[in-house]
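The structure under discussion appears below in the form of structure tokens.
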């Protein structure tokens with residue numbers, strides 16, 4: 001296959017992933033939103049899930065508009081869609097890390113007073129933490145927005161060759177600083193996610209080992225539930241780590257020709273997002289119930 005044929009193939013894969021993730025995000029928002037309207041309350045974990053669903057929905061649309069706009073109109077700068085993507089991508093990292101921290105604090109068992117105090121407070125803090133994640137993402141997007149604007153000015157000023165050397169130095173400095181900024185704002189929430197998930201896995205593994213060694217009265221179903229939770233956490237950890245690495249490599253612009261393999265790289269990134277969204281849906285009892293009801297209705301039809 002030629003490069004153009006491969007691009008078309010991965011473009012189709014990307015569009016299928018776009019439709020899949022859009023459907024997943026819509027289902028999360030509609031199902032949990034309807035539950036919120038009916039019961040007039042929403043559990044903290046569902047608050048984070050519905051926020052992540054809205055964020056992923058906006059992220060996918062901004063990605064699609066930016067990618068296809070840049071592909072079919074390469075001479076036009078769709079920087080505003082790029083800014084929206086930057087914001088939603090940072091926010092999705094913070095929301096994912098917040099969900100990991102919440103589960104770690106709620107499920108873990110420590111007898112230390114500080115941890116017990118945190119475990120009691122975390123439920124009340126979730127709305128404030130969601131607002132904090134939103135504000136951090138907004139602040140983190142200020143520099144990329146400024147950078148996009150300055151890049152446009154640099155392109156316009158290149159027509160005047162008198163200060164070309166100084167402009168090239170400023171542009172190189174801006175690119176380096178912008179890359180460093182993008183890496184840092186993603187590394188911080190990823191490390192929070194990594195620490196929380198690894199700690200939760202270690203605690204669940206130790207608890208499962210104690211159940212087996214002490215031959216407690218716990219049923220097989222309880223041990224199987226712990227094993228299933230460990231497997232799910234391991235898969236989520238691997239998927240989100242791969243997602244972080246692919247986004248990081250895309251930011252650093254290394255290992256591949258971005259023009260030739262752009263659509264293949266986008267297909268890989270959003271395949272990981274789609275699988276991660278599926279696992280998040282399967283981790284929610286309410287969303288699993290909605291999925292089963294949908295499957296039954298399709299079978300009946």
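Placement of Cβ uses the backbone N, Cα and C atoms for every residue, glycine included.
As stated in TrEMBL, the feature transmembrane segment covers range 233-256 out of the listed 209-232, 233-256. Counted over residue pairs 6 or more apart, the CB atoms of the transmembrane segment (262-282) and the transmembrane segment (125-150) come under 8 Å in fewer than three pairs, which marks the two as apart. Non-local neighbours of the transmembrane segment (6-33) in the same chain are 42, 46, 49-50, 52-54, 56-57, 60-61, 63-64, 67, 260, 262-264, 266-267, 270-271, 273-274, 277-278, 280-281, 286-287, 290-291; each lies 6+ residues outside the stretch with a CB under 8 Å from one of its CB atoms. Same-chain residues lying 6+ beyond the ends of the transmembrane segment (183-204) with a Cβ under 8 Å from its Cβ atoms: 89-90, 93-94, 96-97, 100-101, 103-104, 107-109, 140, 226, 229-230, 233-234, 236-237, 240-241, 244, 247-248, 251-252.
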